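According to TrEMBL, the protein has these features:
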COMPBIAS  45-55  compositional bias 'Basic and acidic residues'
COMPBIAS  59-68  compositional bias 'Basic residues'
COMPBIAS  372-408  compositional bias 'Basic and acidic residues'
DOMAIN    111-183  domain 'RRM'
DOMAIN    185-266  domain 'RRM'
REGION    1-89  region 'Disordered'
REGION    372-431  region 'Disordered'
Amino acid sequence: MAGGFNKGKQTDNNPGKNKPDSIKQEMMSPNSRGGGGGNTGSSNDKGKSSNERSLHSGSKSHQHHQQHQQHNSQGGGGGNLQEGKGDVSGLSAASAAALSTRDEKKFTGRCRLFVGNLTPDITEEDFRKLFQPYGEISEVYVNASKGFGFIRLDYRHNAEAAKAALDGMQRKGRTLRVRYASLGSALKVKNLSQHVSNELLHQAFSQFGEVERAVVIVDDRGRPTGEGIVEFARKPGAQAAYKRITEGVFLLSSAPRPVTVEPLDQKDEEDGYPEKFINKTDAYKKDRESEPRFAPPGSFEYEFGLRWKELEELEKQQHEGVKKAMEESRLKLEDEMENAMFEQQAEMIRQDLLRQQEELRRLEEIRQQEQIRRRQELEMRRQDEERRRQEDDRRRTDLLLRSQEIRRRQMGQESMGRDRPGDMMGRQARW
């Protein structure tokens, strides 16, 4: 990002003037290089210092900057836009910016700027006016006595535009220095598996606090490197995540390899250390007495240069040895982990089989008990039926005996009735 901005700023030699409109226009271009909304590398930035505006006409410059469409910038078709938005090369800068911010969070830590080399007489209102042309403002802090301040803008591309326009600008005899503020609420995450995505990383760390941004770092081929960055909205969230993950074992997937975290070591790899910001001390003058050169063989510089290179080569070899040993240890631990996972799965299968066998045994016992119960019920039913049959037989026998007894009595009475008239006649004859 710094390369394109520095080319445009070299033509700004007038104190109190704003930067060329072309720089701000390219910051908003959906086709600017590098995907950050401000990575312009167009050679057409040179020679446009004639379009510079004063700082007090910033609002008019901002309106022109939003309406102007960049035609000459190079890049990948909308660096600030979310993936899947399609080709927006035909949109205006304002439309592209609106599309790019549709899903973007406002006032995140990535939109916070540090401004140094301020004059002691600056007020918070003056500081705010510097950034008013570049979007909404939510946080302003000024330490005039120490000459620095912080400000938070609404969106990243607006912060990039403000940084590109104001960094190196002359204000009351001082060159402003604008940098992105350090992210004290950001963590670097290591030991990520190849299947962890941005979304999973965001979800996993949301339990510690509000997450503004979670990104899995990939190489130039888009393959994950095993590391990621998590930016929290507030510092307590990052502190809680750091403490709990450092003390515990935090797993993001089925593999028992925990992730590790460390505070993000933020470095400025964009703007670097320009010559104009170096203090011209005696040590500087002494060190810069000689121009860049190759030391001639056999000279004092050459001999000590070789000794330095030998020391650095030794350090490199030792680092390589440690790296190789650590890689072997990692592979060994991964093999042990895979074997342990296999054994654990086998043990779980064995336990499951034992549980199934126990369940089968229990079901068999229940089945046998049920069979015994049914046999007992059948036997009791048979006995009841036999008892009832015997009682019925007894009753029938009793009835039969009674019937026979009654019949005998009846027959006896009938025979007695027939015998009585004969007896009477016999008695009469005897008489």
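A Cβ is built for glycine as well, from the same backbone N, Cα and C atoms used for every other residue.
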So what's the mean pLDDT when you look at the domain 'RRM' (111-183)?
90
What are the DSSP helix, strand and coil residue counts for the domain 'RRM' (111-183)?
23 helix, 26 strand, 24 coil
Please spell out the DSSP helix, strand and coil residue counts for the domain 'RRM' (185-266).
24 helix, 26 strand, 32 coil
